[in-house]
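Trainee: My questions all concern the structure below.
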C-alpha cells in the first residue's frame with residue numbers, strides 16, 4: 001500500500017485564473033470542443049470524511065498539523081493491516097490484490113461515468129465491467145494453467161478450458177466489442193470512442209499490473225513484500241523530510257513535493273531495503289517460490305534456499321575500508337538486488353504518482369475517491385505500486401529467473417508415450433555426446 005504520498009496542492013484561497021490560464025496545459029481549440037462535448041471539466045465533489053472522533057481530538061490544531069496526524073494514524077492502521085494479510089499467507093494476498101484491482105478500476109471508471117451518464121448513452125458501465133471480467137478471465141486463466149498445470153490436467157473440465165482458453169478469451173472480448181459497436185449513438189460517436197479508449201487504458205494500467213504483482217508473488221513472497229515496502233518507506237520518508245525540511249519545489253504537477261523530500265526519501269529507502277532484505281532472506285517462508293502441492297491441494301513455500309539467499313563474503317572497496325574499518329562483509333546476494341529495487345522505488349516510482357497528479361489535475365479533482373480519510377482513494381495509494389510491479393517482473397525475468405525443471409517435467413509427463421520416448425532418446429544422445437551420461441554410468 002503506497003502511503004503518506006503528499007496530496008496535490010489545490011489552494012482554495014488562490015486568485016482566480018485568467019481566461020487564458022483557465023485552459024489545461026497544451027489545450028487546443030479541438031480540445032475545447034471535446035471538453036464541451038464532455039459537458040465541461042467540472043470538479044468531482046469531495047467531502048471531509050475524517051472520522052468524527054479524530055476531528056474532535058485534533059480540533060485545536062492547524063489544518064497542516066491536523067492533516068499530518070490524520071494521515072499518520074491511518075497510515076499505522078494500514079501498515080498493521082498489511083502485516084496481518086502477510087501473516088495469513090499467499091492465498092489471502094492474491095485475494096487482496098484482486099480486490100484492490102477491482103476498487104482501482106471502479107474509481108477510474110467512475111470519473112468517466114460522471115461525465116458520460118448525463119448523455120443517456122447505453123452500456124458504458126456495463127461494458128466496462130464486462131471487459132474487466134474478460135481481461136481477468138484471460139490473465140488468471142493463463143496463471144492457473146502455468147502454475148497449476150498438474151491440477152488442470154487431472155480434471156477433465158479444467159483441461160478442456162485450458163486447451164481452448166485463448167479462443168474462449170478472444171470470443172468473450174469479441175462479444176463485448178460487438179456490443180460496443182451496437183451501442184453507438186449518432187452525434188456522440190467521438191465521446192463514445194473516448195470512453196472506449198478510457199476503459200482499455202484503465203485495463204492496461206490496473207489489470208495488467210495486478211497480474212504482474214501476482215506473478216511476482218509466485219517467485220517468492222520476498223519479491224512481493226520488499227518492493228511494496230520500499231515504495232511505502234519512500235512515500236513516508238519523502239513526506240517526513242518534505243514536511244520538516246522541504247523548501248525547494250520538485251515538480252509543478254505536485255507543488256508540495258520538494259527536492260529535500262525526494263533526496264531524503266531516496267537514502268532512507270535504500271537503507272531500509274538493505275535492512276529488510278537482510279531480515280527476510282533468512283526465512284524460507286519468504287524466499288521460497290509459492291508452489292501448489294498436488295498431494296495436499298494447498299500452497300507450499302518450503303524449499304532449499306537458492307544461492308541468492310545464502311550468506312556470502314564480499315570484499316569492501318579499498319576506498320571505503322579506511323572509513324568502515326572492515327575489509328570484508330557478509331551479506332545475502334539478494335541485498336545487492338534490493339539496492340536496485342529501492343533505487344527504482346525512490347527515483348522512478350514517484351513518477352507514477354506524478355502521472356496520477358497530472359491525471360487528477362486534468363479533471364480538476366483532488367483525489368480519485370475518498371475511501372481512506374486523509375489519503376484519498378485506493379488508486380491514490382497505489383499509483384506508484386503499479387509501476388513498481390512492472391519493474392520487478394521485468395527485473396526477475398531479466399536477471400533472476402532461469403529454466404524451471406519442475407514445470408518441464410510436468411509438461412513432459414502429459415505427452416503421449418511415443419513423444420516421451422523421442423525426447424528421452426534425444427536427451428540421452430545429447431548427454432552421451434557431451435560425455436555426461438558415460439561419466440554418470442561409470443560412477
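Note that the numbers count up from 1, one per residue, in the order the chain is shown.
In case you wondered, yes, glycine gets a Cβ from its N, Cα and C as well.
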Trainee: Pick from 81-103, 288-310, 311-333, 334-356: which range has transmembrane segment per TrEMBL?
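Mentor: Of the candidate stretches, TrEMBL labels 334-356 as transmembrane segment.
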Trainee: Per TrEMBL, which of 54-76, 192-214, 376-398 is transmembrane segment?
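Mentor: Spelled out, TrEMBL records transmembrane segment over residues 192-214, not the other listed ranges.
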Trainee: According to TrEMBL, which stretch among 143-165, 258-280 corresponds to the feature transmembrane segment?
Mentor: 258-280
Trainee: So which range, 34-52, 167-185, 357-375, gets flagged transmembrane segment in TrEMBL?
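Mentor: Based on what TrEMBL states, transmembrane segment spans 167-185.
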Trainee: With TrEMBL as the source, identify the stretch among 105-122, 123-140 annotated transmembrane segment.
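Mentor: Going through 105-122, 123-140 one by one, TrEMBL gives transmembrane segment for 123-140.
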Trainee: Labelled transmembrane segment by TrEMBL, one stretch among 220-246, 409-435. Can you tell me which?
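Mentor: Among 220-246, 409-435, the range TrEMBL annotates as transmembrane segment is 220-246.
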Trainee: Please work out which recorded stretch in 123-140, 220-246, 258-280 has the most C-beta pairs separated by under 8 angstroms from the transmembrane segment (192-214)?
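Mentor: Answer, by Cβ pair count: 123-140.
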Trainee: What same-chain residues lie close to the transmembrane segment (123-140): Cβ under 8 Å, and 6 or more beyond its ends?
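Mentor: Same-chain contacts beyond the ends: 102, 105, 109, 112-113, 116-117, 165-166, 168-169, 172-173, 176, 179-180, 183, 192, 195, 199-200, 202-203, 207-208, 211.
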